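Notes follow the structure.
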């Protein structure tokens, strides 16, 4: 699920214009959030069949669910009727979107400000069972952890060696991609197993094990995939209800990349 800084209203889909800076090119999203063309293609087909009826935001919420289901994950009901936002705020992305180098307390605070809780932090982090991260996000762990000039001592040795090969210590590797877990195209609980084995990719991933409350949940999900699936579905229902616009507070865009 791609959610903007204020809620689930599709502003991340808006393209930059001469006098408008959208959220696609915010540092946290650039070359990271992907698949916009898929949503644009779906929207074009929907508009042919039902003009001005289904919002881009609803399409995004449905596509997120279907992507999880198609890769082996759980199904959850998606409420419909969202409107698309009329603007975006690139600067606010850095303030509101959780960063993988932030502390667990700071990440949790950003979740709770949206009506979510620490359980949602752990559960929704499990979405990292799919996809990749850019090397610039993890090189500090691999070569200069906390300015020691050495790797993170908690990172499992074979994972460290593998990641250093993918992300060599030079600027040219910053945009290289490293898998978020060992099964990048299958939705499963390997993300949590990796963390338990001290092979979590991001700082924010491995930090979940260090806290007694979140660590207990990580260990539980690593051994009980069905509980993870159930809880993930419940958390996605909550997430897709954050900051929803309805009625005259938004619109149904004709094209997802621009307001009407």
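We number each residue from 1, going along the chain as drawn.
Just so you know, glycine gets a Cβ as well, placed from its N, Cα and C.
According to TrEMBL, the protein carries these features:
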type	residues	note
BINDING	7, 11, 23	Ca(2+) 1 binding site
BINDING	98	substrate binding site
BINDING	128	heme b binding site
BINDING	129, 181, 184, 188	Ca(2+) 2 binding site
DISULFID	56-256	disulfide bond
DISULFID	135-167	disulfide bond
DOMAIN	6-260	domain 'Plant heme peroxidase family profile'
Could you state the whole-number distance in Å separating the C-alpha atoms of residue 135 (disulfide bond) and residue 181 (Ca(2+) 2 binding site)?
14
Residues satisfying Cβ distance under 8 Å from residue 181 (Ca(2+) 2 binding site), sequence separation of at least 6:
128, 129, 190, 191, 194, 201
By Cβ count within 10 Å, point out the most packed of the binding-site residues listed: 23, 188.
23
Listed in sequence order, the residues of the same chain lying six or more positions from residue 7 (Ca(2+) 1 binding site) whose CB sits under 8 Å from its CB are 114, 242, 243, 244, 245
List the same-chain residues at least 6 positions away in sequence whose Cβ sits under 8 Å from the Cβ of residue 167 (disulfide bond), in sequence order, or say none.
135, 138, 139, 142, 173, 176, 178
Packing count at residue 184 (Ca(2+) 2 binding site) (other Cβ atoms within 10 Å of its Cβ):
16
Can you figure out which of 11, 23, 98, 256 (the recorded positions) comes closest in space to residue 184 (Ca(2+) 2 binding site), comparing Cα atoms?
98
Residue 256 (disulfide bond) versus binding-site residues 11, 23, 98, 188 - nearest by Cα
11
Integer Cα-Cα distance in angstrom, residue 23 (Ca(2+) 1 binding site) to residue 188 (Ca(2+) 2 binding site)
29
Local confidence of the domain 'Plant heme peroxidase family profile' (6-260) - pLDDT mean
93
Calculate the distance in Å between the alpha carbons (Cα) of residue 11 (Ca(2+) 1 binding site) and residue 98 (substrate binding site), and round it to a whole number.
17
CB within-chain contacts under 8 A for the residue listed as 'substrate binding site', separation at least 6
106, 107, 110, 111, 204
